[in-house]
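Chemist: Dropping a structure here in structure tokens format, bear with me for questions.
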């Protein structure tokens, strides 16, 4: 679909569904552009979203800032014009700001640790270079698997009983070492230090099989691996072709019978000689997702095998074992029966989180409470602490993609979805729904431009212009991405989190990390006058509730990686609180329009077509 306005002419996707939808069968999934630099392969061997394909294309064939004139016509871009698409192409598009040329850019220097990354008095060019590490210090592809893994650190120090939540971030290449000291790379998770691996199951959306195999220790690379995916037709054939060289890999296709659904769950089941571990996380199984993004991980304890003749069911107070078994059963897939049996043979009683899953289908009656936002609602009604009388505890949602939510907030966001997030134990009269603030965190154009990856980071933030134009009302809820607490302000989030903080943001009533973005496809939407919940996708997350830890509320940890005298029950929120509302010139990142007014941290522009 070609569009032309004062911004120039470009091609945009015709899809208005912002979930990470795989390309249609007749579209190629690989790029054949010549390699522009180290760290990026010449072509994508795995199937991915259109936004990610564009990001890959721009990484290997970048449009430099001084090349922009050859890409777009010489026309001044209006910063506040309601005509055309009505979108500013940069979040720093002040007409009074002098044009930036390559000659004006000072020599690049290492970024300094700052509380506020950018200052309004600094020119665009200076802001870009201040945050861009020298090319010589950027990890190269040949080494980065080692550099970003935690090899050499004492992993057991990280997994000690002093961390009751077992909630981690992935390691990020290009930030200070102290911010990676208690973070995990996939190689750490698969390390022999965690157990002697017998077999594993990898549930995910996007797979680079060759890369994945290299993340396993050499001694485990020939052990059985089950890949659970949602690919169809040519995408499925591509995945099978990737897996064909590996005799130990088998595949299981998740059924997706409702249009626009995806298999978005990200989970590892790891069977060891010593027991079983469950890992629920937010990263695709591709290099880019474990390199310079903010991602979340929950690690289960090592679950021991139940002794024969023992009368224990191995169930936890959170019913995690039953819920995980129910989730796997919902696939109705024979290859998963073996894993259901394995789970039944292990003792999961030490689990202190609740499982929140989504599975495709239409659910009525009591079945409606099993999945999606109604599952969250049911758990909060049963276990969430009631807020003190007279206090209005806000809701925070943070995500990397946004679906079509309707023409106004009443259609889904501030009706059924907010009702679920507001649920508490039935004690006292809660504040009116409209009085509860809703803070939504989604990266701005400026967040993406000044990120470690630069504009290509936006390939993992697939909010389209078609969807955005239909729901401008939503953007008044948006807050910037800022994560000084974890050193990840410049590592764009692919993590998804939802929580209920106190009015001063010092306490939490609950915290959820999940694969579910802000969409009806992920969370479900009511049909048939509210009697039926329809869900399109598979999703999975874990809910932290204070009652499961013997607490009334969680205290918010002041610094994510601090090991100071803060109480062990302080919860490590991975981004800054309170979140900062978009300013008048901030715009949400939209992947399929160009950004040519200012270069990113690599000196490049974003021209998606």
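Every residue, even glycine, has its Cβ placed from backbone N, Cα and C.
Annotation comment: Swiss-Prot describes 1-155 as region 'Disordered'. The phosphoserine feature in Swiss-Prot is assigned to 61, 119, 132, 149. Annotation comment: Swiss-Prot describes 264 as active site, nucleophile. Annotation comment: Swiss-Prot describes 266, 496 as substrate binding site, evidence class similarity to another entry. Per Swiss-Prot, the feature active site, proton donor/acceptor maps to 494.
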Chemist: Distance between residue 496 (substrate binding site) and residue 61 (phosphoserine) at the Cα atoms, whole Å?
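Modeler: Distance between the two Cα atoms comes out at 30 Å.
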Chemist: Would you mind reading off the Cα separation of residue 266 (substrate binding site) from the residue listed as 'active site, proton donor/acceptor', to the nearest angstrom?
Modeler: 12
Chemist: Calculate the distance in Å between the alpha carbons (Cα) of residue 494 (active site, proton donor/acceptor) and residue 264 (active site, nucleophile), and round it to a whole number.
Modeler: 12
Chemist: List the Cα distance (Å, whole number) between residue 61 (phosphoserine) and residue 264 (active site, nucleophile).
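Modeler: Given the Cα positions, residue 61 (phosphoserine) is 29 Å from residue 264 (active site, nucleophile).
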Chemist: Where does residue 266 (substrate binding site) sit in the DSSP three-state scheme?
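Modeler: Its secondary structure by DSSP: coil.
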Chemist: Out of 266, 496, which of the binding-site residues has the smallest number of neighbouring Cβ atoms within 10 Å?
Modeler: 496
Chemist: Can you tell me how many other Cβ atoms are located within 10 Å of the Cβ belonging to residue 494 (active site, proton donor/acceptor)?
Modeler: 25
Chemist: Take the Cβ of residue 61 (phosphoserine) and count every other Cβ within 10 Å, whichever protein chain it belongs to.
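Modeler: Looking across every protein chain shown, the total is 13.
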Chemist: Provide the three-state secondary structure of residue 494 (active site, proton donor/acceptor) computed with DSSP.
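Modeler: It is coil.
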Chemist: Counting every protein chain present, what is the number of Cβ atoms, excluding its own, within 10 Å of the Cβ of the residue listed as 'active site, nucleophile'?
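Modeler: Its Cβ has 30 other Cβ atoms within 10 Å.
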